[in-house]
Amino acid sequence: MAREKFERNKPHVNIGTIGHVDHGKTTLTAAITNVLAKKGQAKVQDYADIDGAPEERERGITINTAHVEYETDTRHYAHVDCPGHADYVKNMITGAAQMDGAILVCAATDGPMAQTKEHILLAKQVGVPALVVALNKCDMVDDEEIIELVEMEIRELLSSYDFPGDDIPVVQVSGLKAIEGEAEWEAKIDELMQAVDANIPEPEREVDKPFLMAIEDVFSITGRGTVATGRIERGIVKVGEEIEIVGIKDTRKTTVTGVEMFRKLLDEGMAGDNVGLLLRGIQKEDIERGMVLVKPGSITPHTKFEGEVYVLKKEEGGRHTPFFAGYRPQFYIRTTDVTGQITAFTADDGSDVEMVMPGDRIKMTGELICPVAIEQGMRFAIREGGRTIGAGVVSKIIE
């Protein structure tokens, strides 16, 4: 069977459902596909299809995630739904499923619960830019006042985590009734998707951001100079442009005198390309894996940062024993291991803990032995002798 061509006639946006267990995230996901399928904008997926999510491995961590796609009148969406709470935590920290925005599902029968809060906090820390609220199970609440109270509570909660709680749309839905085909609840799913279209901003394309390429390998070509290879993470680089080499050693400038891909010469390389860049006046020993080539002034190297970290369980290939403050692992950042130290940590809710056990989630302060190009929202792995023992995201740059 020939593969279907991916139509690029609508902007593509990645979203997901987040919220407390049993508040109806998966049912709502199924409802969206059911309602949109009637307009020919989705394939019907039922609860079991989505709930039986296959296991995926990202950075050595096993995560269950379901991927659903559908479109509205103006956009094409890829939607992720995770069956278990632990899967969400891992997913958001490793960035396995990038989210440009999320639908926060909260049951009107319960109101915001522990994981509702945790998912909002996670969304804030890993940089999910916008949320829309689906107040689910509204068919089960007869009293309009109760629904209004729950809505107020959610808005206050969102504001307390620096989301614009007063402005975020809250749509009253019933995933179950929409699947059963009740017209008024189907209309509510349409209303929800209109809110998603209008309130989750179209992501800035990687190509439009300032140029960055992490160096994976370095060669010297006799008579031509030094070539750095890697995958361009974002932006565009043109032949003749000045760039900076950042990280590990002092930042220095150079000019790109050639861009090659698959042994062919190009005028420019763009986000997603695996290229070799010929650098003027640079010796092979001046640069190494782990440095980044960037648009001048767009990024600075740092040594101290705060991060949100998930520490792998023993069964996931992690440590068998706890670690304490002062622990010195390697931090795998973009393309290389950099030795560093975890100088301090707290539990994910900010409470003090003496030690970190396999399977814990922590906030940590890390200090690297040499400065590298780290940015807020960037993912990293924590490794020990080449095996991953944790995954994290940079929540704040300190210095």
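The backbone N, Cα and C atoms fix where each Cβ goes, and this holds for glycine too.
The GTP binding site annotation in Swiss-Prot covers 19-26, 81-85, 136-139 and rests on sequence analysis. Within the same chain, residues at least 6 positions away in sequence whose Cβ sits under 8 Å from that of THR26 (Mg(2+) binding site) are THR17, TYR47, ILE50, ASP51, ALA66, ASP81, PRO83.
The Mg(2+) binding site annotation in Swiss-Prot covers THR26 and is backed by sequence analysis. Taken residue by residue with DSSP, THR26 (Mg(2+) binding site) is part of a helix.
According to Swiss-Prot, the domain 'tr-type G' annotation covers 10-204.
Summarising the annotation, Swiss-Prot assigns region 'G1' to 19-26 and lists similarity to another entry as the type of evidence.
Looking at the region 'G2' (60-64) alone, the prediction's average pLDDT is 72. Per Swiss-Prot, region 'G2' is recorded for 60-64, and the stated evidence type is similarity to another entry.
Taken from Swiss-Prot, the feature region 'G3' covers 81-84, and the record attributes it to similarity to another entry. Residue counts for the region 'G3' (81-84) under DSSP, helix first, then strand, then coil, are 0 helix, 1 strand, 3 coil.
Annotation source Swiss-Prot lists region 'G4' at 136-139.
According to DSSP, the secondary structure content of the region 'G4' (136-139) in residues is 2 helix, 1 strand, 1 coil. Ranking the binding-site residues LYS25, HIS85 by how many Cβ atoms sit within 10 Å of each one's Cβ puts LYS25 at the top.
Secondary structure at GLY19 (GTP binding site), taken from DSSP and collapsed to helix, strand or coil, is strand. Other C-beta atoms found within 10 angstroms of the C-beta of ASP22 (GTP binding site) number 13, with every protein chain shown included.
Within 10 Å of the C-beta atom of GLY19 (GTP binding site) sit 27 other C-beta atoms, taking all shown protein chains into account.
The highest number of surrounding Cβ atoms within 10 Å, among the binding-site residues CYS82, CYS138, is found at CYS82.
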